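Take a look at the structure set out below.
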Amino acid sequence: ELLKDYRQGDKVLQLRLEEGKDLEYCLDPKTKELPPLRNPDILVGENDLTALSYLHEPAVLHNLKVRFIDSKLIYTYCGIVLVAINPYEQLPIYGEDIINAYSGQNMGDMDPHIFAVAEEAYKQMARDERNQSIIVSGESGAGKTVSAKYAMRYFATVSGSASEANVEEKVLASNPIMESIGNAKTTRNDNSSRFGKYIEIGFDKRYRIIGANMRTYLLEKSRVVFQAEEERNYHIFYQLCASAALSEFKTLRLGNADYFHYTKQGGSPVIDGIDDAEEMVNTRQACTLLGISDSYQMGIFRILAGILHLGNVGFTSRDADSCTIPPKHEPLTIFCDLMGVEYEEMSHWLCHRKLATASETYIKPISKLQAINARDALAKHIYAKLFSWIVDHVNKALHSTVKQHSFIGVLDIYGFETFEINSFEQFCINYANEKLQQQFNMHVFKLEQEEYMKEEIPWTLIDFYDNQPCINLIEAKLGILDLLDEECKMPKGSDDTWAQKLYNTHLNKCTLFEKPRMSNKAFIIQHFADKVEYQCEGFLEKNKDTVYEEQIKVLKSSKFKMLSELFKDEEKALSPTSATPSGRTLLSRTAVKPAKARPGQASKEHKKTVGHQFRNSLHLLMETLNATTPHYVRCIKPNDFKFPFTFDEKRAVQQLRACGVLETIRISAAGFPSRWTYQEFFSRYRVLMKQKDVLSNRKQTCKNVLEKLILDKDKYQFGKTKIFFRAGQVAYLEKIRADKLRAACIRIQKTIRGWLMRKKYLRMRKAAITIQRHVRGYQARCYAMFLRRTRAATIIEKFQRMYVVRKRYRLMRAAAIALQSHLRGYIARNRYQKMLQEHKAIIIQKYTRGWLARVHYHRSLKAIIYLQCCYRRMSAKRELKKLKIEARSVERYKKLNIGMENKIMQLQRKIDEQVMSQVKMVRKDSQDVSCSHFTFMFLVTETIEKKFIEETKQLELDLNDERLRYQNLLNEFSRLEERYDDLKDEVNLMVVSGLNNRKITCCLWTEEPSEKKALLDMSLFLKLQKRVTELEQEKQSLQDELDRKEELALRTKRQELESENKKLKNELNELQKALMEKNPPEVTAPGAPAYRVLLDHLTSVSEELEVRKEEVLILRSQLLNIPAQRLKLYISGEIWDVNAKCVTQILLGFCRLLESQLQSQKKSHDNELEALRGEIQSLKEENNRQQQLLAQNLQLPPEARIEASLQHEITRLTNENLDLMEQLEKQDKTVRKLKKQLKVFAKKIGELEVGQMENISPGQIIDEPIRPVNIPRKEKDFQGMLEYKKDDEPKLVKNLILDLKPRGVAVNLIPGLPAYILFMCVRHADYLNDDQKVRSLLTSTINGIKKVLKKRGDDFETVSFWLSNTCRFLHCLKQYSGEEGFMKHNTPRQNEHCLTNFDLAEYRQVLSDLAIQIYQQLVRVFENILQPMIVSGMLEHETIQGVSGVKPTGLRKRTSSIADEGTYTLDSIVRQLNAFHSVMCQHGMDPELIKQVVKQMFYIIGAVTLNNLLLRKDMCSWSKGMQIRYNVSQLEEWLRDKNLMNSGAKETLEPLIQAAQLLQVKKKTDEDAEAICSMCNALTTAQIVKVLNLYTPVNEFEERVSVSFIRTIQMRLRDRKDSPQLLMDAKHIFPVTFPFNPSSLALETIQIPASLGLAFISRV
């Protein structure tokens, strides 16, 4: 930021850095160039470097650093190049979920990724039908191999294989093999590829992987025999040593890696975190997968072990020119044993060589140094041959017999290299990079040209670096390679002579070639990336690739078959690949130095040098790349120390220059690097336009505005769809926009602040007024209080004075009153004493006079009573004599009894008549109901019998009680009689003995006339009379109780019988019609068995009743016929002799009781008679009315009379016809079936028809014309089964399943009708007990559904239709299975339809599995439909217009491989959801299943949206969070409208909701961090950190999330145990359940539409 404006001539700029430090920047006095301008904040951290407004090295470097360090993003676009920075740690961004997220997406829509480049190549191959190439380059350790590996993994995952051979697995399996034999640890990389490779992945016409082919370049053979410090040999050697303890490796005689010379030179045999033994297992598994057998694998390991032992072979010098190998040298012995060669031959040719001259051939010993070099050359040559053999077999395993339609090539090749000492290897590598850079520059220039031509804008030739002169310097005639090959052919050629030829040919003639000042054995070439100095030493030897032919012949003669195969003459090369001898060599050709040149093709082949072969293979590679569409991945090494996420700016700039990224930037900056569509420009810079400038034509609007904003028309160009800007113009527009917004903000702030201040002033003024009001009120209240207190004091004084005066007055008054009271009391007391004395004197006089009068009265009364007693005794004696005479007369007793017996007989006759009348009524009722069903009458009679038995038992109990009382009375009578006799004898004895002085307490009634006996007789008579009265009352009460109980029992019984009769009549009348329809008349006709049984039962009950009544009468008569005899009574503790007169009195009491009962019965009888007379009267009136109607009918004219008679006759004939039809229909039914049906009908009648039948009178039933009931009877007889022939089963499956279209015929069907039809067919097969038919039908049904889903499995309606029908079929099998758990909600009719013969539980499980498969297919179908809509509708479309700002897009956006096919909106998603829901409801899918489907839909929407949000930096902004929350609220509203809020769908959107909230919340302080941690409980830690890293302000008023805040979040969430996975699994499917949902639809009511074509099915 400038602290002071720059003026022309200033030498220093006052700057302030981002860290807040002030800096004085001194300008160059010569150039006076200003420092490069910084891009706006909105562009910092941009996905595409070409989107930067200012394109220069500092801006590019800063953008990469911000993304790499702050946001932890390792991928960045630079136009068509993907820049990949090695993070040096494992990142969770390569999982299956990430692959699925990038699959099908446009390259510019997602964040940069290697998967995006792979997807771009895959789509362009499919769209353009053109082969593609992905060129991965970079320094060693930059991550080339990993990037290439992930690209191949993406192709293998997305495309799959065309066969069952799992070709994609084989392609991936080639990586472990090639890494083990071609990769090694270097100081820069633990897994550095020491060769280049180009893998062609072949695809068929459906773009599925069918095979692959691999080409290799420049294997570094020198690493086999030499490793620098801290480096290792190839991994395979260390893997062998780590696995030496295995039993199969015992024969290899291996040991520790430190034992072998070829593996211990680097001093670093172990890589941290790598287990070589485990890697060996992976290598062997990959070999097995690629078809390399165990025997061949052991052969490979045998050769490798031989190379290790060969490296340990030592030489002993004999002199300066010769050497020897010790005899039986162990390493050489092991080598020869493993290789199958002779020890003597190999030891001889390791120390000698054969020389051929024109005349002879001779053998020459070699020195120790030459022998060591020859040994190492042989080891390198064997390893190179083995490498070629393995590559050959890998290609054979990946080769496909299917014709290849297209391919995608992945080139993993070394980047530009420059070291302190550069030799032949670096020369070849940099030569290859020159060729690739030329191709890259031409491709970038071509794309720029195509873009300009497509948009039809004028363009001028862009000057870009052309490295063709450098390439000509290397490969043209008399170039460096040509001179090198020529020098190799010279007999005495050397590196020095070759260097002189180079100086002579190119020095001072080519500007790109230079000679070092201090050396005559080196040269400098100006490459596109940098100047490189090459040392000439070793060039010739490495170019020749010399190996002694005699050693090769020894190996060819080996008994080891595989070894001999390695050294066969390769007339047909696999590919023109190359490698270097002591550095890197071509693999397909190796120059073996012969003893004598042989004519022919073979000698010519041997003359090809490594440089020549490499040049040819490079030309072929370039031809391949030029024939394909290239995609570039540039791998950058951020530091040399392998520190994770550490960025070294200097090293990064060097590599950016070397890989051509900065050249791409320069080419873009030379033209129009910033490109905006007209709509994007309008949305972004609408704030710079006035309302009058906005036109309906967006293009014209943008033109008008730009002409005003940017005066220099050369700074921009208008294309057909885009506006092109020069570098810096977007920054200028952003500045103008920011200034406009800042001014608007200031104005808004001014207005808001003024409003706030006014509001504050008004609030203060209001507060002051309020305070004043309260103060004044307080003062007024204080004054009022003073006035009230003054007045209160006056009042208090007044009342105080009044109180004193009143108190004094009251004291004086009280004293006066006290004196008066005392005086008056004294006078009154004196008067009272005088009156009291007078009153007492009067009382004494009164009592005295009363006593005297009473004495006189008692004397008179006593005399009178004595006279009365004497007279009454005399009269009693006379009466006693008369009674004694009458008591002895029997005739008198009989007279008394005659009247009583007559009354009893009359009462008995009355009771008999009532009983007979009741029996007659019962018989009459029984005759009325004789036509009812036997079972029902049995129940009725059983009820009557029970009631009679209960009443009889009650009567028997009463009778027993009465008998008990009677017997007790007889016992008492006998006892008293005996006591009477005893006392009589005792009295006689006492009289004889003369005991007259004894006081007799018990006297007899005698006729002695003495006065004393008369008194005794009178008292005895009174006591006896009293006792008799008590006995009569007791007897009367007992009799009354007995009669009352009998009468109550009879009345209750009669009432119950009458009410029951009425009820039975009603029930029988109601049942009569139904029973007559179903029962034959023979069952209920007179004389039938049921009728006879009923009558017999009634007769027996009547007889039993009569017997009981006779017993009652007999008992009563016994009570009346008690003989007249004496009774002994116990009265008041004394025993008296009672004669027959007392008994007579008792009997009289009985008679009175019986008379009262008879009167009561007579009264009830009169009441009944009156009721009967009333009934007779009503019947007479009814009869008169009928006669009047008949008379009226007779008075009608003949026509009406005939019509009436005909109507009557028709009614009669109809009834008779109905009876005959019912008899004909029911004559073949058995009694057992009748009983079973009657139980069901009785229950139905009781539930449904009783109320209706009660409202219908018998006359109405008779008068109604009744039609035949054939159709309803047939409907009731339908059993809910469908019958078909066995041969029609394929036709049934075809018409009902295979040919049924949900959109056609099935639209108008009952939901689930196919399922019901299939189940009804299964029911019929079960009814027939045909297991073969059941099994065949169910199997055909399941196979048919699978076939339909396979044929039309991508149609949502079809899958939904068969999912609902499969579930309904499954529910039917459960509902009618007969299991109690499934029958709870069934109707009785449905329970009758249950399966009876087969248990289909296993088929229910099969159908359940099928339903699960259909559900999963349904999920895939609607996922494929929703997938294209989700990102566009939920993220990209602005539902709330004007909220989201638009950021500038880079070059990558224009190269999207698929054009927009129409933008989807949120309304599109809602409409699609409505369509899904309506289809499922129309098909009758279970509500619970619909909820599960909706939940899965919402999970997919939420997961895909969140995953894209996590992979798109441009979507992580505050405004986008608001858009997402609004969209989610619309989805929730849809759930509420469909009543699906309890389906769990809303909960699946919780991660997306929290991500949107995270974008909107404040992200600064620790409190904000705590709030975020508590709020985002549905997001994982990785997702929270990712969103915070991706958060990008759209406007400059928003602030970025600081790195420290993100660290704080990570620290707070470190204890949270959640998944480290970044993305949600969008392919996850919730487990589905099918809750049992029984159907209320009756099977017998289902009709089969004719449109189904099922006429061959019949209903049963």
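Just so it is clear, glycine is given a Cβ too, placed from its N, Cα and C backbone atoms.
Bear in mind that TrEMBL entries carry predicted annotations, made automatically and left uncurated.
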Request  = Quick one: sort out which of 319-341, 618-640, 1009-1031, 1515-1537 is the region 'Actin-binding' according to TrEMBL.
outcome  = 618-640
Query = Just counting, how many other CB atoms are there within 10 A of the CB of Gly141 (ATP binding site)?
reply = 21
Query = Among the binding-site residues Ser140, Thr145, whose Cβ has the fewest other Cβ atoms within 10 Å?
reply = Ser140
Query = Over the coiled coil (952-986), what is the model's mean pLDDT?
reply = 69
Note = In DSSP terms, the region 'Actin-binding' (618-640) comprises 9 helix, 8 strand, 6 coil
Request  = Report the residues of the chain - excluding Gly138, Glu139, Ser140, Gly141, Ala142, Gly143, Lys144, Thr145 - with C-beta within 8 Å of the mean position of the site's C-beta atoms, for the recorded ATP site, in sequence order.
outcome  = Asn86, Arg188, Asn189, Ser192, Ser193, Gly415, Cys635, Lys637
Query = Other than its own, how many Cβ atoms are within 10 Å of the Cβ belonging to Glu139 (ATP binding site)?
reply = 25
Remark   = For Lys144 (ATP binding site), the nonlocal same-chain Cβ neighbours (under 8 Å, six or more residues apart) come out as Val136, Ser137, Gly138, Ser193, Asp412, Ile413, Tyr414, Gly415, Cys635
Query = Near the Cβ of Gly138 (ATP binding site), how many other Cβ atoms are there if near means within 10 Å?
reply = 27
Task = Run through the Cβ atoms and count how many others sit within 10 Å of the one on Gly143 (ATP binding site).
result = 25
